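Engineer: I have a structure here, written as structure tokens, and I will follow up with some questions on it.
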Amino acid sequence: MGEALRGLKRTIMCGEPRENNIGQKVTVMGWVQRKRNLGGLIFVDLRDRTGIMQIVFGEEINKEAFEKSDNVKSEYCIAVTGEIVKRQSPNNDMETGAVELKGEDIKILSESETPPIYIKEGLDASENIRLKYRYLDLRRPDMQKIFMIRHKTCKVVRDFLDENGFLEMETPILTKSTPEGARDYLVPSRNYKGMFYALPQSPQIFKQLLMVSGYDKYFQITKCFRDEDLRANRQPEFTQIDMELSFIEEDDVIELNERLLAKVFKEVAGIDVKLPIERMPYKIAMEKYGSDKPDLRFGMEINDLTEAVKNSEFKVFKGAIEAGGSVRAIKAGNCATMGRKQIDKLQDFVKTYKAKGLAWIAYKEDEIKSPIAKFLTEEEMKAILEKMDAKVGDLILIVADKNNVVFESLGALRLHLAKELDIINKDEFRFVWITEFPLLSYNEEEGRYQAEHHPFTALMDEDVELLDTDPGKVRAKAYDIVLNGEELGGGSIRIHDSKLQEKMFNVLGFTKEKAWERFGFLLEAFKFGPPPHGGLAYGLDRMIMFLAGTENIKDVITFPKNQNAFCPLTEAPNVVDENQLEELGIKKIEKED
């Protein structure tokens with residue numbers, strides 16, 4: 001049975017003692033990292049979230065404490081009182097390596113079984129074990145550093161927004177389901193049988209209502225929920241830094257957030273963010289990088305060869321151009337000697353993105369080698385090489401297809417090759433704003449337009465008339481902040497005119513009745529003088545991944561779910577009592593085979 005503290009107070013953390021503390025009598029508390037018994041002396045490394053310090057117990061120091069210390073094992077939770085002294089053999093690998101604690105008294109606060117995982121940095125254990133014993137995984141120093149980074153990030157964000165006149169305000173977690181986009185998590189109501197709340201995918205509508213309410217600068221750090229198929233770095237619940245401002249335009253939101261990003265990255269990670277951050281229209285991002293989340297740490301931009309081969313009789317090029325598509329290519333330097341098997345793998349790769357194939361031209365010292373050379377005239381080959389600014393050693397990779405297929409396949413191939421060739425500078429942080437997104441996309445299956453972001457996004461002023469004539473060409477006052485090929489956050493200016501908002505719902509295929517059924521409270525609010533407003537939200541978890549230097553989102557969330565949205569620690573979701581279901585008016589239906 002563990003000993004009680006009985007008024008004993010911790011006076012210093014394990015990672016704090018330095019030479020200026022020599023001679024002080026202190027009490028430390030923490031977990032035993034390891035113990036070494038050298039006969040007349042016992043050394044214990046004691047750990048807490050600030051670091052590790054060495055404690056020495058000896059018969060000459062205190063016989064009772066010495067004998068008691070021999071009983072401790074790894075992960076025992078103990079308290080030790082003694083004097084800080086200069087260490088005879090300093091350990092330069094430890095922050096506290098110049099000193100040690102002479103253990104004069106020890107309390108064993110609780111014992112520990114042998115842990116199923118090692119509590120050390122760089123743990124090599126299965127994800128399932130780490131999640132099942134997450135409370136042990138979180139003791140590891142590298143994990144604790146991550147959550148100190150997370151805490152500091154939130155503090156810097158709060159301080160910055162407070163200094164800039166923002167109010168931290170909460171919005172509801174139990175809200176109304178407005179199915180548009182990802183699936184909602186639904187919560188049955190006991191008071192209203194057969195009816196459900198939804199957990200918010202974002203605070204979007206409520207923060208707009210706060211603007212109508214006159215709270216012109218709002219923010220919160222909040223949980224959001226999406227019941228979607230999980231990819232590698234997605235979680236069913238995630239944290240968002242959310243903000244909204246009134247009486248502003250795009251430039252105001254962007255300028256404020258550039259200053260916020262510069263402050264966060266400098267104060268938390270010592271990273272300088274060059275301001276102003278580059279802005280790139282969506283159209284340019286797709287044409288040059290094949291992605292609305294371009295990684296700018298390396299070149300290999302996409303080039304348009306359509307003009308160069310517009311008169312070609314090569315049926316692959318000709319067919320793509322006649323169908324309204326294009327012929328585009330990327331250039332991989334020093335890859336002309338790439339073997340046929342490697343190129344075949346690249347062809348298989350682009351086919352996963354619906355490309356029909358991958359043409360290639362290898363610019364070698366003594367020849368230009370290509371399986372399509374026989375289908376091209378000398379002038380066409382020369383035009384391609386000139387357009388690509390090709391040099392000896394270059395490998396040109398070409399896709400001819402519909403534009404969306406060309407962009408997606410070459411964009412993915414560009415990233416794939418950059419990783420394979422190891423040409424990405426992992427120490428570089430390249431930010432870019434992507435602007436002028438399409439407002440809408442057409443859903444062929446449903447026969448209607450869908451909002452690319454959400455139905456409250458404002459249109460670019462010069463495109464308003466296109467909403468009646470050609471909705472697919474309308475651009476949005478939307479902006480995403482991208483870092484090293486990952487979306488860090490995104491936002492937009494919102495529609496604040498009730499008639500325009502109703503018109504938008506109509507374009508999206510909502511009847512007036514349906515729009516009022518789902519969003520009536522917002523449309524009603526817009527009758528009462530809504531201000532021009534807009535905002536932005538960051539994925540906090542993804543931001544911490546960059547600041548902490550980890551590629552796994554589960555590392556930055558205290559108790560994450562696994563790839564199947566299951567928690568190995570608590571075993572949630574779980575079967576609930578039939579009485580609970582009955583109280584909610586819910587009956588389980590057994591699935592037929």
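In case you wondered, yes, glycine gets a Cβ from its N, Cα and C as well.
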Engineer: Using only what Swiss-Prot says about ATP binding by Arg226, Asp227, Glu228, Gln235, Gly539, Leu540, Asp541, Arg542, identify which of Glu170, Glu287, Glu487 is listed for that site too.
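Structural biologist: Swiss-Prot lists Arg226, Asp227, Glu228, Gln235, Gly539, Leu540, Asp541, Arg542 binding ATP, and from Glu170, Glu287, Glu487 it also lists Glu487.
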Engineer: C-alpha of Glu487 (ATP binding site) to C-alpha of His453 (L-aspartate binding site): distance in Å?
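Structural biologist: On Cα coordinates alone, these residues lie 13 Å apart.
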Engineer: Can you count helix, strand and coil residues in the region 'Aspartate' (204-207) using DSSP?
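Structural biologist: In the region 'Aspartate' (204-207), the DSSP-based counts are 4 helix, 0 strand, 0 coil.
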Engineer: Can you check what DSSP calls His453 (L-aspartate binding site), collapsed to helix, strand or coil?
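Structural biologist: Reduced to three states, the DSSP call for His453 (L-aspartate binding site) is coil.
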Engineer: Mind checking which residues of the chain, 6+ beyond the ends of the region 'Aspartate' (204-207), have their Cβ under 8 Å from one of its Cβ atoms?
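Structural biologist: Those are 171-172, 175, 178, 218, 242-244, 454, 456, 519, 521-522, 535, in sequence order.
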Engineer: Does DSSP give Arg226 (L-aspartate binding site) helix, strand or coil?
Structural biologist: coil
Engineer: Which one is it, among the binding-site residues Glu228, Leu540, Arg542, that lies nearest to Arg494 (L-aspartate binding site) by Cα separation?
Structural biologist: Leu540
